[in-house]
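Asks: Shown below is the structure under consideration.
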């Protein structure tokens, strides 16, 4: 909240840090940037070595298609930091749900991560129409529900319970995802037949690079009719190689302490050796035969590590922003939005590089749907069990601008994918990057008062 001088006090949600403000301005801020870069490296290691392999086995055991796995377990695990932050905001710091937090994170997840998947992946991934439409529709409904709840600046128990109900309905739709998809294919069969034929022709003209280099190019054909919640064991073969290209499940995975051959990878390996050792001692590696049945433990502990690393990352970014005099509202739209979404970014880019486009896009949109649930859980616990005397007070300033921006971002990403021929490539990445920069620039101008009439700055700067 602003005081009489029109400035915003620095955030008190994190500790002060290990340098005084003057020491940070005299050069100590460099240490914070080094820690930020190291946290980025740590998140990528957790996702690549533990989180995604555990997700692969979960998908195999439950018979989940790639997009359903991305919208559920992958979205929940990579969005664990948002859930922890929501609980801290409601029960510890008593912070409001600000415009910049909702707006910045949502738009970055939709456009920023999509841009990263397209620009940082050398593999062209095909997308299915139904998963993207399903997740975008669920997210639009979730956003509309949240905006309707906070329009009066009060959250009641039945309002927060409705958020949980919406997410429950979303999970129910995912459970019958294949049947719903088949029904829609029959209902709109002429359109779908033309679409499928066009996709097959494009696939023949532009084969996709696969994951097995030693056996030549592998064409990644994505089919959602042969995978579902209930699936025969014989259909699991394509899932076992979906993320890491393991030709034989029986072959044990190399140790994490095996030094890479490339020079640059060796340097990164040496720098990351402390975090590699710490993770090795605390998380069972389910890629190895001895720990394979411990995949749920791997999933939960890696999600906990992702939350802890992201907390440190956001803490360092917050202090760096305060030192540079960046208003907290602008920080929420840019650095903090990207910082809290680092696990989603890393996980989505890694699976996009393997050609799993549906899983990457479902994780991007599904994480936003899960973020709405992250708001509903602490709100419901507090209003229904802890403070039953009255509602929770929240801040909903800029509600109209938030609603328009979120709806437009969902519409833009769906339209961009459609115009790009339902594939993730560098062209789509460039389009999403331009859209993200436009949205972020307009949002920053609004927060700084250049467009609106609410200029903000951090007190003491």
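Positions of Cβ are set from backbone N, Cα and C atoms, glycine also.
Pulled these features from TrEMBL for this protein:
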TRANSMEM  29-47  transmembrane segment
DOMAIN    34-175  domain 'Sodium/calcium exchanger membrane region'
TRANSMEM  68-91  transmembrane segment
TRANSMEM  97-120  transmembrane segment
TRANSMEM  132-150  transmembrane segment
TRANSMEM  156-178  transmembrane segment
TRANSMEM  267-283  transmembrane segment
TRANSMEM  295-317  transmembrane segment
DOMAIN    295-444  domain 'Sodium/calcium exchanger membrane region'
TRANSMEM  360-381  transmembrane segment
TRANSMEM  401-421  transmembrane segment
TRANSMEM  428-446  transmembrane segment
Asks: Which residues of the chain, 6 or more past the ends of the transmembrane segment (267-283), have a CB below 8 A from one of its CBs?
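Replies: Apart from its flanks, the transmembrane segment (267-283) reaches 38, 41-42, 45-46, 49-50, 256-257, 259-260, 298, 301-302, 305.
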Asks: Could you pull out which residues elsewhere in the chain have a CB under 8 Å from any CB of the transmembrane segment (295-317), counting only those six or more residues past its ends?
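Replies: Non-local partners: 14-15, 17, 32-33, 35-36, 39-40, 42-43, 46-47, 50-51, 53-55, 57-58, 61, 73, 76-78, 80-81, 83-85, 279, 282-286, 331, 335-336, 339-340, 342-343.
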Asks: Counting Cβ pairs under 8 Å that sit 6 or more residues apart, are there three or more between the transmembrane segment (132-150) and the transmembrane segment (29-47)?
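Replies: In this chain the transmembrane segment (132-150) does not contact the transmembrane segment (29-47) - fewer than 3 Cβ pairs sit under 8 Å.
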Asks: Please count the residues of the domain 'Sodium/calcium exchanger membrane region' (34-175) that DSSP assigns to helix (H, G, I), strand (E, B) and coil.
Replies: 119 helix, 4 strand, 19 coil
Asks: Could you count the residues of the domain 'Sodium/calcium exchanger membrane region' (295-444) that DSSP puts in helix, in strand and in coil?
Replies: 123 helix, 4 strand, 23 coil
